Amino acid sequence: MDLEGDRNGGAKKKNFFKLNNKSEKDKKEKKPTVSVFSMFRYSNWLDKLYMVVGTLAAIIHGAGLPLMMLVFGEMTDIFANAGNLEDLMSNITNRSDINDTGFFMNLEEDMTRYAYYYSGIGAGVLVAAYIQVSFWCLAAGRQIHKIRKQFFHAIMRQEIGWFDVHDVGELNTRLTDDVSKINEGIGDKIGMFFQSMATFFTGFIVGFTRGWKLTLVILAISPVLGLSAAVWAKILSSFTDKELLAYAKAGAVAEEVLAAIRTVIAFGGQKKELERYNKNLEEAKRIGIKKAITANISIGAAFLLIYASYALAFWYGTTLVLSGEYSIGQVLTVFFSVLIGAFSVGQASPSIEAFANARGAAYEIFKIIDNKPSIDSYSKSGHKPDNIKGNLEFRNVHFSYPSRKEVKILKGLNLKVQSGQTVALVGNSGCGKSTTVQLMQRLYDPTEGMVSVDGQDIRTINVRFLREIIGVVSQEPVLFATTIAENIRYGRENVTMDEIEKAVKEANAYDFIMKLPHKFDTLVGERGAQLSGGQKQRIAIARALVRNPKILLLDEATSALDTESEAVVQVALDKARKGRTTIVIAHRLSTVRNADVIAGFDDGVIVEKGNHDELMKEKGIYFKLVTMQTAGNEVELENAADESKSEIDALEMSSNDSRSSLIRKRSTRRSVRGSQAQDRKLSTKEALDESIPPVSFWRIMKLNLTEWPYFVVGVFCAIINGGLQPAFAIIFSKIIGVFTRIDDPETKRQNSNLFSLLFLALGIISFITFFLQGFTFGKAGEILTKRLRYMVFRSMLRQDVSWFDDPKNTTGALTTRLANDAAQVKGAIGSRLAVITQNIANLGTGIIISFIYGWQLTLLLLAIVPIIAIAGVVEMKMLSGQALKDKKELEGSGKIATEAIENFRTVVSLTQEQKFEHMYAQSLQVPYRNSLRKAHIFGITFSFTQAMMYFSYAGCFRFGAYLVAHKLMSFEDVLLVFSAVVFGAMAVGQVSSFAPDYAKAKISAAHIIMIIEKTPLIDSYSTEGLMPNTLEGNVTFGEVVFNYPTRPDIPVLQGLSLEVKKGQTLALVGSSGCGKSTVVQLLERFYDPLAGKVLLDGKEIKRLNVQWLRAHLGIVSQEPILFDCSIAENIAYGDNSRVVSQEEIVRAAKEANIHAFIESLPNKYSTKVGDKGTQLSGGQKQRIAIARALVRQPHILLLDEATSALDTESEKVVQEALDKAREGRTCIVIAHRLSTIQNADLIVVFQNGRVKEHGTHQQLLAQKGIYFSMVSVQAGTKRQ
């Protein structure tokens, strides 16, 4: 049951630190970056030319808009004069027709000229925008191609020690994500940046040259806008920090609970934990609502200020026009140029951000590229002897792994191997056997001493040459995802088919290969998954032999095989050894009997040498290992196939340093394990998203149904907000209309004052409606977020233990889901609804008004708008779809990179780094060519959308002039229609880009609904089932068959029958993994058996109420998990069905031998125990756990290795406490230390999920069976 501690401990710790560091990190996180110019260190002269020309084009493109405003201003003046003239005409009754038509012909001619100007600017923009985007994309694509190749080359060049300290998964991420970040940062985004800057400068230059007074007035308002934005940002960010902190607290609770889920389930703490979580969510909701209020006041205020600035600008502008200093066209030119210039600064920020990200990513990548390995497999230097005999010597070698420098593995190893000899290395796990093999290949260099071949220090020999004369077969051979023949070819580049066949015959693999349908061309699958262990191993041997190596290194080459395969492979190995210097490492000593020399390792040095018979006489390490293995074999003759497992268990028992050895083994196998985890991670992520039924928008909305009043108000405000844009268009055109009529200055003054005030009124309305819209949706969203998190967490706590065993449901994954899913759903519901309503209202009102004022022009515009909109959509799609397509295309090269990086040891042993590098470069060709092609396509679509606007202006105003000339519309109406439709369309475009990612939200909602609706097999919340009034405490297991749901192929219990009478103590013993802890978990009903029955007082426990059943069991496990609260609360956690009084807590503490210790603490029972009880020692934690189990006064006590983690002294104290606790209760004890269970009423010995022996301590000793040998092994190790 210490499973959970082990499984979730790591995840929890990581996330816990994340939470704490979050706020500190934000303050001081200044990631190292590379300098601006060194970002382009891989550009050649052509790339530089592309970038320079692209920048020039961007500057030209950026100047387009302000220049267009110049044209627009002059054009307005002409229209305004025409309006004045028309007004004048209509006042003169007696008018000559010639003047009239002549004048209007002039107007049309002028407009034709301006249409050409517009089109000219449009054409310039078309070309410039294309060059800007495609050239920057081309330059980026070419540089990224080089960076990818360089980076992969750099990785393939590093030595193994470097890989020990760098995470394999992280390197893959760098190859994909970080390189894409650089690509994002140095491509078209830089062009966009220069474009924005050009717009900014041109806008202000136009503004100051055409009318500096008005420019200064507009500029005077800008700081107010900027300042208010800064103040709001500050307030908001403090709220955000508070909100994050509250969520972090809630997250920490969730994490603590999920990491300790078995403890929570066993003690029925779900309700308590839910309340604790809910309390933190309440706090977060409160802050979130405050934040919504603040945020929306700030948005409203921003609109108020913007409209107010319009009012001021137009009021001052009309003053200037009336005094005759400016024309109305000048006012418009200045106003729009400055406005466009100011906005363009904001548009530059994504580019700046992308470039900053790229600099951060480049720092890590360039650091790896520039890292010079200490053992360079690409190096040409070093001696290449003509003739190698194969005499090996290790002279006084000391060594520790770079990832754990403090742990010394070899401590002065001396070993000589004559040419052609076979030397076997034996010893406990972790004594340094595999390390010698790795030093031989020069995967590492010794810290002291030297390794020599034929008397030459291997450090003077060329690295590649050295590795080419060595053949290696390891415990878990790595095959690559290609054909059998190709796999063998990895042994040596230019090997012929005959040589391959010869090697395969020597490796005893020829027959099984010829039986395969495609023979040598059979694909072996990823990591050789299509083949059995024995087949893989023989192909690996063939691969080693095809090199025709002088030296053969066999690192436990048969340990992973069953008896039959082992015999075949062993024969192959014996063949292969002939005439070669061979070093063999083996756990199964039967396989090394016939070695020339057997060397016994202990603690990093060789303590004995000789052949089998000599060493058996010496009665040293070798003798001990052999006797242990044979003892095991006698016991389980009928189970010979499981021999390796029990032998390893025996070894573990016998070796005191098995802990450190496990760590060492982990490090060797890490590259293999890591990669499998990686695969699993990928596939589970895919599985996660594939297995989820999609949900509709309404289904998501239903979750928020109770907040309908908020939605009504919000939608109403959104409609008003949508109508504000057309209202703006009307006022805007009316103000200009003032100057197209011949009124006396006083009337003009009054009218312009009126319209300026109306602008202000718009601002005030928008302040109110934007605030209300945001606040209502925000509040509803916060309520929803809280509700969803609560429901999801409640549902998680309801699931059974097998659900938590699923690798998809690790603590980390579940807490992330709790944090992200609800937030994403909230973003999509509220704001999405608001955005849709606002857009419909905006365009709808705009189009209706336009049709009223001028249907002909409206129709023309409505024909153009979709083209602009479609182009915009295409561009957005291209941008987002591009990223996906790029990812897909790079998957091929990613697979090669992943395979090479994850199996780097194998790649290095086979000296195939360059082959992989070549394959990687090949796989980049297609994506590279496509990226160049895409640069042009992207350039064309971008330039089209940019230029379309200019062309539509040309068409619109030329047609407008025609309508004005033929008196079908007034210029005022032309402007109104134009502003209403175009601004409407623009606003819709902008708002859509603000809409949060709806697709993500749908997936999140689907996750949420799936979890909420999932009913577990064993429902902890269930109220059904029997609840007997009394409980005796008789437990019976009848023919129980069971395996864990996550490992269905590994049987755990195979027909177990057991019986414990009330008040008896039953002890379970046996090797690791034989099913002892499983018995306890079945009794707690964490799982149900597949067959057979578990009975309590003769009633099947499936029929009892789950909560009731668990309430009568008290459990103490090997690593008890305490919660981050006081000692008293931790003890009281034992009974969550009621309020436990202080007296009971003290009584339980006394029974558990811990009361005196608690009283000695300054805060006594109120002392906080820290996260997972870290403030206490193991023995103290264990006794608090015992007190916790006793508080519920259980009828049955389950002790799962309750003292195994303690030192001798603590163990004695805890053992006394347990002996006290057992009195008068049925008790099931699991123990590795047999001394602790000698006085049990019944001892049961487990093997392979069945009972092998049972009786009292004395009876079992007399039988001289498994129990006897276990006791003697333990007594032996103690004596040592």
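Cβ atoms are placed via backbone N, Cα and C, with glycine included.
Counting only residues at least six positions away in the same chain, the Cβ atoms of Lys433, Gly600, Phe601, Asp602, Ile621, Leu625 sit under 8 Å from the Cβ of Gly427 (ATP 1 binding site). Mapped onto three states, the DSSP output places Gly427 (ATP 1 binding site) in coil. Positions annotated as ATP 1 binding site by Swiss-Prot: Gly427, Asn428, Ser429, Gly430, Cys431, Gly432, Lys433, Ser434.
Residues or ranges marked as domain 'ABC transporter 1' by Swiss-Prot on the basis of sequence analysis: 392-628.
The domain 'ABC transmembrane type-1 2' annotation in Swiss-Prot covers 711-1000.
Taken from Swiss-Prot, the feature N-linked glycosylation site applies to Asn91 (among others).
Summarising the annotation, Swiss-Prot assigns N-linked glycosylation site to Asn94 (among others) and lists sequence analysis as the type of evidence.
The N-linked glycosylation site feature in Swiss-Prot is assigned to Asn99 (among others).
Marked as phosphoserine by Swiss-Prot on the basis of similarity to another entry: Ser660.
Look at Swiss-Prot and you will find 646-685 tagged as region 'Disordered'.
Over the topological domain 'Cytoplasmic' (1-44) the predicted model carries a mean pLDDT of 53. Annotation comment: Swiss-Prot describes 1-44 (among others) as topological domain 'Cytoplasmic', evidence class similarity to another entry.
According to Swiss-Prot, the topological domain 'Extracellular' annotation covers 68-116 (among others).
Among the features that Swiss-Prot reports, topological domain 'Cytoplasmic' is placed at 138-186 (among others).
Annotation source Swiss-Prot lists topological domain 'Extracellular' at 209-215 (among others), citing similarity to another entry.
What Swiss-Prot records for 237-292 (among others) is topological domain 'Cytoplasmic'.
According to Swiss-Prot, the feature topological domain 'Extracellular' maps to 317-330 (among others). Tertiary neighbourhood of the topological domain 'Extracellular' (317-330): same-chain residues 72-77, 80, 210-211, 213-214, 735-736, 738-739, 745, 748-749, 752, 756, selected by CB-CB distance under 8 Å and a gap of 6+ residues from either end.
The topological domain 'Cytoplasmic' feature in Swiss-Prot is assigned to 353-711 (among others).
Marked as topological domain 'Extracellular' by Swiss-Prot: 733-756 (among others). Same-chain neighbours of the topological domain 'Extracellular' (733-756): 76, 79-80, 82-84, 87-88, 91, 311-312, 314-315, 318, 321-322, 328, 332, 970-973, 975-976, 979, counting only residues six or more beyond its ends whose CB sits under 8 Å from a CB of the stretch.
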* Structure fact -> Top stretch by Cβ pairs under 8 Å to the transmembrane segment (216-236) (candidates 45-67, 117-137, 187-208, 293-316, 331-352) is 293-316
* Please list, for the topological domain 'Extracellular' (209-215), how many residues fall into helix, strand and coil according to DSSP. => 7 helix, 0 strand, 0 coil
* Asked: For Lys433 (ATP 1 binding site), what is the secondary structure by DSSP, using just helix, strand and coil?
  -> helix
* Structure fact -> For the transmembrane segment (117-137), out of 45-67, 187-208, 331-352, most C-beta pairs under 8 A are with 45-67
* Is the number of Cβ-Cβ pairs under 8 Å between the transmembrane segment (45-67) and the transmembrane segment (331-352) three or more, considering only pairs separated by 6 or more positions? -> yes
* By DSSP, what is the split of the topological domain 'Extracellular' (733-756) into helix, strand and coil residues? -> 18 helix, 0 strand, 6 coil
* Structure fact -> The answer for the topological domain 'Extracellular' (209-215), taking Cβ pairs under 8 Å and residues 6+ beyond its ends, is 70, 73, 313, 316-317, 320, 325-326, 330-331, 333-335, 337-338
* Structure fact -> Across every protein chain in view, the count of C-beta atoms other than its own within 10 A of the C-beta of Cys431 (ATP 1 binding site) is 26
